[in-house]
Amino acid sequence: MLTIGGKQFQSRLLLGTGKYPSFEIQKEAVAVSESDILTFAVRRMNIFEESQPNFLEQLDLSKYTLLPNTAGAATAEEAVRIARLAKASGLCDMIKVEVIGCSRSLLPDPVETLKASEQLLEEGFIVLPYTSDDVVLARRLEELGVHAIMPGASPIGSGQGILNPLNLSFIIEQAKVPVIVDAGVGSSKDAAYAMELGADGVLLNTAVSGADDPVKMARAMKLAVEAGRLSYEAGRIPVKDYGTASSPRDGLPV
């Protein structure tokens, strides 16, 4: 069970809702993923314009928790303003803080992310900041009181997978709040690996929406997250330099 800000969720897979080939494919992929939490960019949604298409109308919202994000923000002030818009729409008081510091790499701005998170916490939001795999920054965010930490595996949409498993392991080891690996996941292998490292969840979008078959990939991600979590809980065998026979010779008659 994944718990964020006092809310409990069965699925540890958080799914983004952007860039699907069609509303129909998006809806089917969401259903197959069995995700409880769907994230979307407030700036790309027509939450106040009824005459414009809105993917939220295609879903049974009673089945999901919506996680608006502040994608497009370059400063703390912009992120806070976007978060307030999302809250004013009545969708949710949970917000993914995303403040991009580099338009080419799409890496987050650590200073502005800290500032935005602090302000939104003061305003009563459930705050989930998207951050780099900086171990110290993750600790600083937790000290502020954020409800989860979302370190990137690699740049957003890059599909490079987990580039720095050591740092992610350090973040997971020290954190007292959920750690959700976010960004850069390219395949089910990456999702399973993140969970095997001990992450509490995985958030992804492009890996599903950009796949040749988004619906099939959504199912693959669901199974990968479940398998990775089970593997972590089971406890893997230690890595050794040399082989160890699985059938011991002690006590054999010959």
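Every residue, even glycine, has its Cβ placed from backbone N, Cα and C.
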Residue among G157, G198, G228 sharing the 1-deoxy-D-xylulose 5-phosphate site, where Swiss-Prot lists A183, G184, N205, T206 as binders: G157
Rounded Cα separation (Å) that holds between N205 (1-deoxy-D-xylulose 5-phosphate binding site) and K96 (active site, schiff-base intermediate with DXP): 14
Least buried by Cβ count (within 10 Å) of the binding-site residues G157, G184: G157
Rounded Cα separation (Å) that holds between K96 (active site, schiff-base intermediate with DXP) and A183 (1-deoxy-D-xylulose 5-phosphate binding site): 13
